[in-house]
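The following features are taken from Swiss-Prot:
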- ASP234: active site (ACT_SITE)
- 196-214: compositional bias 'Acidic residues' (COMPBIAS)
- 82-155: domain 'S4 RNA-binding' (DOMAIN)
- 195-222: region 'Disordered' (REGION)
- 1-43: transit peptide (TRANSIT)
Amino acid sequence: MLSISQLPSFSLTTAKSLRYPSSPSSSLSIFFSFFPKVSNFVRASSGIPNLVACSPTEIIIPRVNNAGLRIEEIVDAAKGKIRLDSWISSRINGVSRARVQSSIRLGLVTVNGRVVDKVSHNVKSGDEVNCTISELQPLKAEAEDIPLDIVYEDKHVLVVNKPAHMVVHPAPGNPTGTLVNGILHHCSLPCVDYSNSEEDDDSDEETFSDDEEMTTSPSSYAASVRPGIVHRLDKGTTGLLVVAKDEHSHAHLAEQFKLHTIERVYVSLTTGVPSPPQGRIEIPIGRDSSNRIRMAAIPGGVRGGRARHAASRYKVIETFAGGGSALVEWRLETGRTHQIRAHAKYMGVPLLGDEVYGGTKSMALSLLQKRVSRSDQEEIIELISRMDRPCLHAIVLGFTHPCTGEIVKFSCPPPSDLAEIVGLLRRSGL
């Protein structure tokens, strides 16, 4: 079984990385075998260009825009009346509630043939709703001097270790302090206007969205300029992201994500232990009809149009506290929003610290507090009480370099909050 016994010995002040050629060996075992010996970035002798400072390069990426999308439906509200914006949001995947509200206020929605511009208007069963989705409003992303943990950089790509609580790109609720703002400063790019994506909650997605608009051909790219964000991580998720620094690299990496040839490995702490301890879960994922900020695993949802195909492979690395928690490795075959979190919840083992998907602090404490040694109970209470995010970390990222054609792979250790809990659970030895 894969061991990560070296985890507590990691230096957690600055994330380091190990880069190594692809091999059939487990990427995690290689990482944990070599990482304690690595003090700086390691480059294999494989012809990758020397590390260079980022030049002020303009990078064109596609807009995400569902403008003009229309629905004409009769309301079927089983529970009586429902807010107009809530009902429309539940009927359209990939469009944020804020975007729906903007469409209503602009007079693009009618109920029974009459324009309604009040988002809180109630509709009932039998009402006929006509809605046209409005244009995305451009956001201005300004360069900000935000410290970035650069794992690797050359003329074409940038690999970043994203910290917890950093949003990947600006959105209506997060206009500043994002990874994009920091990259604009790092690459000496000017502030830019661009259309925001539809992810207006805490998700940049766990990972890349396989939606068609994310892999639009270069000829249809909009004229706005911003760093080439190819995939995303949730606000609370830490770990590795690759950013394209030119149009060719963006298109090449986007195609790899579309073909699912990118290697993405995550580690998480779960509440409880997955059963069986190793396997593959293939359950479609779609928007949770009862909670707009949450996704849900929906068996059969693809046939009904409510969900999209999603598949994850998992393996229990280590169990703690008599089955109260487990360190789990995840490998993604698809890249749906909140995929790991939704699949873990469906399996009955939500991620520790994931309040949205059921891995609450109270649940974690009920499972762990009495199962650790008495001397460690006070510390486990403190550590879990401080955990304000899902215990999920993107630990390995591998892809084909868009310019050299070489398979490259990067790793970075989990951050201190996750490492401290794992260290305590392992030390407790129950």
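Here the Cβ of each residue, glycine as well, is placed from N, Cα and C on the backbone.
Within 10 Å of the C-beta atom of the residue listed as 'active site' sit 28 other C-beta atoms, taking all shown protein chains into account.
Remark: secondary structure over the domain 'S4 RNA-binding' (82-155) totals 17 helix, 22 strand, 35 coil, with classes taken from DSSP.
For the domain 'S4 RNA-binding' (82-155), the predicted model reports an average pLDDT of 88.
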